[in-house]
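**Q** Among the features that Swiss-Prot reports, region 'Large ATPase domain (RuvB-L)' is placed at 4-185, with the record citing sequence analysis. Per Swiss-Prot, ATP binding site is recorded for LEU24, ARG25, GLY66, LYS69, THR70, THR71, GLU132, ASP133, TYR134, ARG175, TYR185, ARG222, and the stated evidence type is sequence analysis. The feature Mg(2+) binding site is assigned by Swiss-Prot to THR70, with sequence analysis given as support. The region 'Small ATPAse domain (RuvB-S)' annotation in Swiss-Prot covers 186-256. The region 'Head domain (RuvB-H)' feature in Swiss-Prot is assigned to 259-346; the stated evidence is sequence analysis. The DNA binding site annotation in Swiss-Prot covers ARG295, ARG314, ARG319.
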Amino acid sequence: MIESDRIITASPFSSQEEVIERALRPVQLDDYVGQEKIREQLKIFIEAARQRQEALDHVLLFGPPGLGKTTLAHIIAREMGVNLRHTSGPVLERAGDLAALLTNLEANDVLFIDEIHRLSPVVEEILYPAMEDYQLDIMIGEGVAARSVKIDLPSFTLVGATTRAGMLTNPLRDRFGIVSRLEFYTSDELSKIVTRSAGLLDVDITADGAREIACRSRGTPRIANRLLRRVRDFAEVRANGRIDRQVADAALQMLDVDAAGLDVLDRKLLLAVLEKFGGGPVGVDNLAAAINEERDTIEEVLEPYLIQQGFLQRTPRGRMATTMTYQHFDIIPLQQAATPGLFNPD
């Protein structure tokens, strides 16, 4: 199974899903659910910048995919009353690509660069003076005839988004005045998001139905909205169109998403640790071979959520199952089963 096949992946499935996501996005900070600290900070910073009639400081948003970094970039531009230009690190292959974007910005506009950690070194070098001095240094000509030309730029706000903050160079990171880490959402926050999205999609849903979807959404709004749409399909075909807890549970079981938000691949990994390696520790290469997956898939796709939720522990000796993992699968640890009298005198 690859990441794009998983219904609980935090990455968008397709351009069609991105269109649906845009329709569900909040457009102002007051409508944005979750990330309370970031939201309050941005309210203050944006209002201060507007009062001074200045561009907002450059903003770096980082955290797991699907948590709302792109949404926040759009909200920042809307709250500032300016235009937003959207691009991504891999698209900006040459210095000229970035120069074309920068020279077309208007005063105080927002330039949003997704996957900013994937900028090439050449493009990144051009970005430094643009961020600091609102100037573009470009080389014209070649060889001995080459000369540097400075072009003044309008003041602007760069909003960078990344899931891999550790891959940013220090010089780039240091040029952001506002740095915010987005965290996984609580079930209560996701319930509000599901309820709001259901209203926009004209879906009849009860509070406990929204809660059931929220609890299995891995702390991620993008997953919550995707599950809502799939549960809606189930409700229209197998029920009366109304989503309550029972309908949501039946639909999510059909989709192989269990009560903890784990799917087939998550369970395959955890059961391998439990059954093939006695709960661990096990090295990631051995684990990858045991479940026939790539090492990168385990480290970048599966582990973050499992570790964050307490199902997996990363130690110097390898990966280990936790007490929660044994309880989730109703499996008795080997050492406990071997000495029943110690734990269960009966």
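Each Cβ is built from the backbone N, Cα and C atoms, and glycine gets one as well.
Help me understand the surroundings of these features in the structure.
**A** Around TYR134 (ATP binding site), the C-beta neighbours below 8 angstroms that are at least 6 residues distant in the chain are ASP152, LEU153, PRO154, SER155, PHE156.
All protein chains considered, the CB of THR70 (ATP binding site) has 22 other CB atoms within 10 Å.
Taking H, G and I as helix, E and B as strand and the rest as coil, DSSP gives the region 'Head domain (RuvB-H)' (259-346) the counts 50 helix, 9 strand, 29 coil.
Summarising the environment of ARG319 (DNA binding site), the number of other Cβ atoms within 10 Å of its Cβ, over all protein chains shown, is 25.
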**Q** Below 8 Å Cβ to Cβ and six or more residues apart, same chain only. Which residues does that give for GLU132 (ATP binding site)?
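**A** Those within reach of GLU132 (ATP binding site), by Cβ under 8 Å and sequence separation of 6 or more, are ARG175.
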**Q** Express the distance between the Cα positions of TYR185 (ATP binding site) and ARG314 (DNA binding site) as a whole number of Å.
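**A** On Cα coordinates alone, these residues lie 23 Å apart.
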**Q** Let me know the model's mean pLDDT on the region 'Head domain (RuvB-H)' (259-346).
**A** 85
**Q** Give me the CA-CA distance between GLY66 (ATP binding site) and ARG319 (DNA binding site), in Å, as a whole number.
**A** 26
**Q** Mind giving me a neighbour count for ARG295 (DNA binding site)? Other Cβ atoms within 10 Å of its Cβ, every protein chain shown.
**A** 13
